[in-house]
Amino acid sequence: MSTMRLLTLALLFSCSVARAACDPKIVNIGAVLSTRKHEQMFREAVNQANKRHGSWKIQLNATSVTHKPNAIQMALSVCEDLISSQVYAILVSHPPTPNDHFTPTPVSYTAGFYRIPVLGLTTRMSIYSDKSIHLSFLRTVPPYSHQSSVWFEMMRVYSWNHIILLVSDDHEGRAAQKRLETLLEERESKAEKVLQFDPGTKNVTALLMEAKELEARVIILSASEDDAATVYRAAAMLNMTGSGYVWLVGEREISGNALRYAPDGILGLQLINGKNESAHISDAVGVVAQAVHELLEKENITDPPRGCVGNTNIWKTGPLFKRVLMSSKYADGVTGRVEFNEDGDRKFANYSIMNLQNRKLVQVGIYNGTHVIPNDRKIIWPGGETEKPRGYQMSTRLKIVTIHQEPFVYVKPTLSDGTCKEEFTVNGDPVKKVICTGPNDTSPGSPRHTVPQCCYGFCIDLLIKLARTMNFTYEVHLVADGKFGTQERVNNSNKKEWNGMMGELLSGQADMIVAPLTINNERAQYIEFSKPFKYQGLTILVKKEIPRSTLDSFMQPFQSTLWLLVGLSVHVVAVMLYLLDRFSPFGRFKVNSEEEEEDALTLSSAMWFSWGVLLNSGIGEGAPRSFSARILGMVWAGFAMIIVASYTANLAAFLVLDRPEERITGINDPRLRNPSDKFIYATVKQSSVDIYFRRQVELSTMYRHMEKHNYESAAEAIQAVRDNKLHAFIWDSAVLEFEASQKCDLVTTGELFFRSGFGIGMRKDSPWKQNVSLSILKSHENGFMEDLDKTWVRYQECDSRSNAPATLTFENMAGVFMLVAGGIVAGIFLIFIEIAYKRHKDARRKQMQLAFAAVNVWRKNLQDRKSGRAEPDPKKKATFRAITSTLASSFKRRRSSKDTSTGGGRGALQNQKDTVLPRRAIEREEGQLQLCSRHRES
């Protein structure tokens, strides 16, 4: 006991010595409250905070005033009663008068000027979130615009994708619109229509009539009480509060005068403890107390200003204290967890979801700060319905956009009477055509006039089928700019917008795209695709290289070197056969001794044998006789068989099964991967193919080359290939294969790449997307898509490439006929040479015979004279005279021919040793004839 007394005395002594060190720091907290009762609650909350924190270093002190009737008095009261007391923060509630919305404003302006934090208790106007106006304002309640988060969550829970946003054109309405649109963008969606009206307007009928024409049946309303009442009255007159409609509103729209006219079934929101000023006082004091203790632990803390004295009295620590307050997390609040966002607004607020039933508000769910938890069994929807409305009406008149792309969509002009010409398909069925409006010319720079035209093809048949199945009508128009759709910058800014069919769909000019629109990720981020109605990929179109048959086509199976070797082999083998048979002792033989020996194999016969074996023409005579030569003959026959068989096989490959050589092998062809100006290839500008090449890093080199040569449309590019202005065109395989089957000078080459499909495009919130996909799947199952494919895509006018033998034409075999003609000409030429040679040889033989006959007669006469006969026989003398006369005249003709042929020099006979007798022989014969003549005369 004595020890305790000593400690107490020591403590009292130390405090008396250093009193300042023992006294707690007084922290004043100001408040502007609605009533004296709330001032008492404020003081009690401060005392509770002192007890809760239990720190002897800090003592919170409450300083409060009530609301003043006008803004000037309120500002003066803040300066004289609160700031003069060096308050660290000021709490302010909403004034009790409903129409006085701006009472917190003078408090916020005055305290904010000196950087003193202000905590709003029940103020929910969105203007206080603007920190350029209210620098130091925080609040323990969320603004009205935060109700958009609850609406957005309810849309997600009930799968409502079609909404109409009806807002007043004031700060509150614009804030709600901005927040909801931001949330919808994160979900890649948007409101079907945003309708604004001026605050205080008394007539919104025209606006609601516009809303009634839309598909959406979920209406979100943000307006004041009086404006909401005006909207409710007009909606009831237009029958927009009955079955099928959904009304989502906030707290103001089901309060006061608005509740009197609100339709049964409406769903509204009420902030839990939103008007419980005492609860918010307790939570605000707790947040400030927690922040003060955290602030005073820091260094260089200055005291708040003492009074409103110019701009030199700004609290330097005020911004720091505000940041400490905004980062506070007060978990044990009466109204729940208290936290602030970057604008100083309350986060994680809890709402009650209220349903108006029989003119009474019934709670049918809650929002716990992150999720909506509804009680669907308790909800009564407009019109007394108990089933959740689907939130949209199915429009029976759809705007269809398409594009000219054969064979999917053909476009032809109408007849003079505005109708379409009757045509028939390959199956004999009439072609189904629809009237479509669109520009008569989509080429760049040309004047465009929207005119009615006739559309038909694969996609039109599909559209007619879908309309019949899903019970809707349609109006078709061609895309204005002739493009499928890609994103492009607007006025060289960073903002991008879609053009083509994509742009028309997203802007609301069309409800559906029925065209060969390629499904890709970039487009799927903005629109909804149906299941593919046609699977395909990308391929390459080139001009077909038609082979030109030359006269030497029959020689193509062998190279020139091989032909030379075969020809050389024929003659070498012939010479070897001749030599072997010549030198063999068995080259000539006879069957028995009585027969004469057979002739040996001559060089001519050997040559004939060699060629005959090679050409399989049969050997009638001149076969080798010796065993060695016959061995060579058999080997040569085997060689000839192999050569002929190889030639025949290759000849069939070159002439019968010949196909045009494809110019490129596919996307990995070196001419594509390593582009040059000698080989130009391209695709269509701003198409899915263009996007594909632009997005692929490994194809960047190809894209840079293609970008300079891309065409406006596929039809232009295909014609450029046919005109040899473009070497290769990369496009959808379904289109290019059809073009190749219709235009026989074109061919597709290479394997498919970038496999994808064609789908029907709809907006993200389209009510038709599920039904369209189901209808397409059923069409695949029942064979309808296969029938369309056969009718429009796979129909071929050109012969398809196959492995069946092709028919030979004269061009293929012209060289063979020329070879025969050459043989005939050579034979005729040689026969004349043979005739001339034969005549020359016969004349020479006759001359020799006459000469020998004359010599024989002379010898006979000489022998007779020697034997004693005086006179020769007169007949013999006459014969001898005739022979010598003929022989002499013959020699004279030869000599004169020789003289005329030798002109001024040596004659041709001197250069031809085998055509005339030697000069000496002629002179010797002439001498003998002269001797015979003299002897006869003697």
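Using N, Cα and C of the backbone, Cβ positions are placed for all residues, glycine too.
Under the three-state DSSP scheme, ASN61 (N-linked glycosylation site) falls in the strand class. The annotation N-linked glycosylation site is assigned in Swiss-Prot to ASN61 (among others) on the grounds of experimental evidence.
Long-range Cβ contacts of CYS308 (disulfide bond) within its own chain (separation 6+, distance under 8 Å): CYS79, ILE83, SER84, THR110, TYR114. The disulfide bond annotation in Swiss-Prot covers CYS79-CYS308 (among others), and the record cites experimental evidence as its basis.
What Swiss-Prot lists as N-linked glycosylation site is ASN203 (among others), and the listing cites experimental evidence. Sequence-distant neighbours of ASN203 (N-linked glycosylation site) (same chain, 6+ apart, CB under 8 A from its CB) are ALA234. According to its DSSP assignment, ASN203 (N-linked glycosylation site) is coil.
There are 10 other Cβ atoms within 10 Å of the Cβ belonging to ASN239 (N-linked glycosylation site). Here Swiss-Prot flags ASN239 (among others) as N-linked glycosylation site.
Taking the Cβ of ASN276 (N-linked glycosylation site) as centre and 10 Å as the limit, one finds 17 other Cβ atoms among all the protein chains shown. In the three-state DSSP classification, ASN276 (N-linked glycosylation site) falls within coil. Among the features that Swiss-Prot reports, N-linked glycosylation site is placed at ASN276 (among others), with the record citing experimental evidence.
According to DSSP, ASN300 (N-linked glycosylation site) is assigned to coil rather than to any helix or strand. Per Swiss-Prot, N-linked glycosylation site is recorded for ASN300 (among others), and the stated evidence type is sequence analysis.
The N-linked glycosylation site annotation in Swiss-Prot covers ASN350 (among others). The C-beta environment of ASN350 (N-linked glycosylation site), restricted to residues of the same chain at least 6 apart in sequence and closer than 8 Å, consists of LEU271, ILE272, ASN273, THR335, GLY336, ILE366, TYR367, ASN368, GLY369.
In the three-state DSSP scheme, ASN368 (N-linked glycosylation site) falls into the coil class. Residues or ranges marked as N-linked glycosylation site in Swiss-Prot: ASN368 (among others).
In this structure, CYS420 (disulfide bond) belongs to neither helix nor strand by DSSP; it is coil. Long-range Cβ contacts of CYS420 (disulfide bond) within its own chain (separation 6+, distance under 8 Å): LYS412, THR414, LYS433, ILE435, CYS454, TYR456. Annotation comment: Swiss-Prot describes CYS420-CYS454 (among others) as disulfide bond.
Counting every protein chain shown, the number of other Cβ atoms lying within 10 Å of the Cβ of CYS455 (disulfide bond) is 25. Per Swiss-Prot, the feature disulfide bond maps to CYS436-CYS455 (among others).
Residues or ranges marked as N-linked glycosylation site in Swiss-Prot: ASN440 (among others).
The N-linked glycosylation site annotation in Swiss-Prot covers ASN471 (among others). In the three-state DSSP scheme, ASN471 (N-linked glycosylation site) is classed as coil.
Of all Cβ atoms in the protein chains displayed, 5 besides its own lie within 10 Å of the Cβ of ASN491 (N-linked glycosylation site). If you look up Swiss-Prot, you'll see ASN491 (among others) marked as N-linked glycosylation site, on the strength of sequence analysis.
Residues or ranges marked as glycine binding site in Swiss-Prot (evidence: experimental evidence): PRO516, THR518, ARG523, SER688, ASP732. According to DSSP, SER688 (glycine binding site) is assigned to a helical segment. Neighbours of SER688 (glycine binding site), defined as other CB atoms within 10 A of its CB across all chains, total 23.
Look at Swiss-Prot and you will find 581-604 (among others) tagged as topological domain 'Cytoplasmic', backed by experimental evidence.
Under the heading intramembrane segment, Swiss-Prot lists 605-615, citing experimental evidence as support. Beyond the intramembrane segment (605-615), the same-chain residues lying 6 or more positions past its ends with a Cβ under 8 Å from any Cβ of the stretch are 566, 570-571, 573-575, 577-578, 581, 621-624, 633, 636-637, 640, 643-644.
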Spatial separation of ASN471 (N-linked glycosylation site) from ASN771 (N-linked glycosylation site) - C-alpha basis, Å: 11
Listed recorded positions among ASN239, ASN276, CYS436, CYS455, ASN674 whose Cα sits within 10 Å of SER688 (glycine binding site): none
Extra residues within 8 Å (Cβ to Cβ centroid of PRO516, THR518, ARG523, SER688, ASP732), glycine: PHE484, LEU517, ILE519, ASN520, SER687, VAL689, SER756, PHE758
Cβ packing number for THR518 (glycine binding site), 10 Å threshold: 23
For the glycosylation sites ASN300, ASN368, ASN471, ASN771, the one whose C-beta sees the most other C-beta atoms within 10 angstroms: ASN771
Euclidean distance between Cα atoms of CYS455 (disulfide bond) and PRO516 (glycine binding site), Å: 14
ASN491 (N-linked glycosylation site) in three-state DSSP notation: coil
C-alpha spacing of ASP732 (glycine binding site) relative to ASN239 (N-linked glycosylation site), in angstrom: 50
The one of ASN61, ASN674 whose CB sees the fewest other CB atoms within 10 Å, among these glycosylation sites: ASN674
Among CYS79, CYS798 [disulfide-bonded residues], residue with fewest other Cβ within 10 Å: CYS798
